[in-house]
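To keep things clear, I will list the structure first and then write my remarks on it.
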Amino acid sequence: MRRLLWPLLVLAALLAVNLFFTPSFFSVEMKEGHLYGSLIDILRFGAPLILVSLGMTLVIATGGIDLSVGSVVAISGALACLRISEDGGVLSAVVLALGLCVLLGLWNGFLVAGVGIQPIIATLILMVAGRGLAQLITDGQIITVNSPSFKVIGGGYLLTVPFGILLVLVVLGVTAFLTRRLALGVLIESVGGNAEASRLAGIRSRGIVITVYAFAALCAGVAGLMIASNVSSADGNNAGLWIELDAILAVVIGGTSLAGGRFSLGGTVLGALIIQTLTTTIYSVGVPPETTLLVKALVVAAVCLVQSPKFRDKVFRRAGPRASSRPAAEEKVRVTA
Amino acid sequence: MDVPAPVLRMSGIGKQFPGVRALDGVDLRLLPGEVHALMGENGAGKSTLIKVLTGVHPADSGTIELAGRTVSFAGPLEAQQAGISTVYQEVNLCANLSVAENIFIGREPRRRGRIDWKRMRARAAELLERLELDVDVSAPLSSYSLALQQMVAIARAIDVEARVLILDEPTSSLDAGEVRQLFRVMRRLKEEGIAILFVSHFLDQIYEISDRMTILRNGRLVGEYLTRELSQVALVAKMIGQELAELERLHGEARTFDRPLVEARELGRTGAVEPFSLTIHEGEVVGLAGLLGSGRTEIARLLFGADHATSGEVAVGGAPAALRTPRAAMARRIAFCSENRKRDGLIPDLTVRENIVLALQATRGWTRPVPRDQQDELVGRYVKALKISPANPDHLVRDLSGGNQQKVLLARWLILEPRLLILDEPTRGIDVGAKAEIQRLVAELSDGGMAVLFISAELEEVLRLSHRVGVLRDRRLVADLPNDDTLTTDTLMETIASGGRA
């Protein structure tokens, strides 16, 4: 649990900044039987990112990366909206969209584990082609739908809580169950920690890797439905644009190494919340729109530095002299030996 | 004979790690122009002592004097600048750079801000000549053998006015000729007055090269001895703290083997090993002897399905078997402890528990986790049986010493209760005590009916354990000899040398 300490501190700091600028930031009210408040908004608007990040966590834990999730978000929303605008069957639209997403994920997994293409290249294909596919589905237009039941996914409420938040909890619960109660987690970590040793231990690493990419695409698909439902329209160009980068960032902030191996679902959720809170904060503090990206980049860089044990050692050396400077010292050995 | 003043003196060194007292009042002195062996079992504190000396870890207590002045290093770089250089077991160089670049990386001779390539090559050549090595310094390092790469690492280390050179298990991946080459270089450096601290698990090498030794046990100093005054048996006894148990006659009464378990017929893989035929019976230990690179590991990998055979066939228990993947071999209850436990064995980021149950979990697939109490039972049993230390199953495997890592790997396969256990160099780089334990275990397992394919570079070990010995030479299985009274290490060596034609 100690590795969740720094993400928690960062999140607390961001919330404190908000509280300073907006004293009513923490208040949660009940309006017309629904929960309202800035904190609820962060959770609600952060829901798609959390979902995408959860899938990304497992992919990164196997030592891979999935750049195509943003495009899958767009495809999922586009196909669902197209289907609804044609005959209005929400359930069939959702099933169809998620089915296609799983297929796309299997395709990614096949390229990585079956053909042996490097993950960053393999998923780059779908990242680029997928945007095209989404535009093809929407015919280059923004498809607008008017379906109250579709609207529930991203904008509805259940038992006073926004439906999206509940959906995240369900996906998080399922993921935690699959990886930690069942043995998927340890096998993923094993494949990511040492692929050849895992093969020699009899692990079907190919199957694990394909499963993980399919899961990531499925998560992206659900996120795509959420985004499309929230605005009742599908925009092939902009839906989920750059969300893959935010998701990768969330995973890293959450303490999962890009090299693969150990992963932390809790850390990823915290990471995604940090990014969403940061976005909210930038608006609430009143940063001019043209500088928001720059400010975000600076804060993210600071967050990453603060999380790096090496950096902390260097900066706070006086506070803890050499007690934890082992990694840095060992690296010197390698250089000098 | 009077003793010159020590160039380095460590006294009363203590080091505490969370939960472990790694060093307790250890003294060490190094005399100029001597090779000093640092001896002890895995976990005795050798590595920690070296790390304290080179400034990787600060000492909790005690002092270090270099040439009479008290010193304390903040890191290996400072230690090196003061004249203490270290060469590690794994060569930490860049194989894609040239020999000269490797020697001067980070401190290239410069002229007007640019690297002076000519001077760099000249100085590198000069340096290697000092070690009596004939090397083309502009060739990439990867074009030379591991032994030569090690020498280059040494050349790099001694270029910086070294007074003390630490060699941490430099010989564990070298063959006999390469070891000789290394020893020649070490003697050369000795003559120049450099004090060499040498760590190795090979007793013969210690006796060949070292003048003096310091023995550690459980983080405490046992004593300092002149090598020529301490017999090998006495050394082993001091290291493990008891008289060495009887190692001879590991097996019970002689048995006959008539139930073939694994039969390979003309099995081969182009470029790896020529087609060979080999039958392993139930309860039989078959040893494979041969030089490094003679095809020992390749045979093991074929029998485990780690590589695909390009010719021949295998039958397991009489039925033909296509061993195309490790899973297929595991389904026929064949297990394989690989030689390179870091690369092909353990998952360093996972815990001891997770590493031990990994293969069992793999056979069950991810949907059926091994229940926690079964995990606890299995892991607890093997941690105890194999004396894995620390005995905490939630320790990360990468923090364990080499011998304990090997035991974890062994435990992973033993819980599958295989019918054939393939052990590729299971005792390499581990200490005498753990070695004897593993040998005893192999004998017990085979007495219990398990077949074992035992690969080792140490002929004596192969002879002691095996019922039958296959001899390899130049990627060919040249002989299949029953291990009776007439078979000795000498005849084995002759067979290896002559290719079985004698």
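Quick reminder: no glycine exception, Cβ is built from N, Cα and C everywhere.
Non-local neighbours of the transmembrane segment (A:35-60) in the same chain are 18, 22, 24-29, 66, 69, 73, 119, 157, 160-162, 164-165, 167-168, 171-172, 175, 179, 188, 192, 212-213, 215-220, 222-224, 226-227, 240, 243-244, 246-248, 250-251, 254, 256-258, 260, 263-265, 268-269, 271-273, 275-277, 279-280, 284; each lies 6+ residues outside the stretch with a CB under 8 Å from one of its CB atoms. Per TrEMBL, the feature transmembrane segment maps to A:35-60 (among others).
Look at TrEMBL and you will find A:67-85 (among others) tagged as transmembrane segment. Same-chain neighbours of the transmembrane segment (A:67-85): 48, 52, 55-56, 92-94, 96-98, 100-101, 104-105, 108, 120, 123-131, 133-134, 137-138, 143-145, 147, 150, 216-217, 219-225, 227-228, 233-244, 247, counting only residues six or more beyond its ends whose CB sits under 8 Å from a CB of the stretch.
Look at TrEMBL and you will find A:91-113 (among others) tagged as transmembrane segment. Long-range neighbours of the transmembrane segment (A:91-113) within the same chain, counting only residues 6 or more positions beyond its ends whose Cβ lies under 8 Å from a Cβ of the stretch, are 64, 66, 68, 72, 75-77, 79-81, 83-84, 119, 122-123, 125-126, 130, 150, 153, 205-207, 209-218, 220-222, 224-225.
Residues or ranges marked as transmembrane segment in TrEMBL: A:120-137 (among others). Sequence-distant contacts of the transmembrane segment (A:120-137), counting only residues of its own chain at least 6 positions beyond either end whose CB sits under 8 Å from a CB of the stretch, comprise 65-68, 70-72, 74-75, 77-79, 82, 104, 107-108, 111-112, 213, 234, 236-237, 239, 244.
Annotated transmembrane segment per TrEMBL: A:157-178 (among others), in sequence order.
The feature transmembrane segment is assigned by TrEMBL to A:208-227 (among others). Sequence-remote contacts of a segment are chain residues at least 6 beyond its ends whose Cβ falls under 8 Å from one of its Cβ atoms, and for the transmembrane segment (A:208-227) they are 47-49, 51-52, 54-56, 58-59, 61-62, 64, 66, 68-70, 72-77, 80, 94, 97-98, 100-102, 104-106, 108-110, 112-114, 123, 153-154, 164, 167, 171, 175, 184, 187-188, 191, 239-240, 243.
The annotation transmembrane segment is assigned in TrEMBL to A:239-258 (among others).
Here TrEMBL flags A:265-285 (among others) as transmembrane segment. Through the fold, the transmembrane segment (A:265-285) approaches residues 3-4, 7-8, 10-11, 14-15, 17-18, 21-22, 25, 38, 41-43, 45-46, 49-50, 53-54, 56-57, 172, 175-176, 179-180, 246-247, 249-256, 292, 295-296, 299-300, 303 of its own chain, all at least 6 residues removed from its boundaries and within a Cβ separation under 8 Å.
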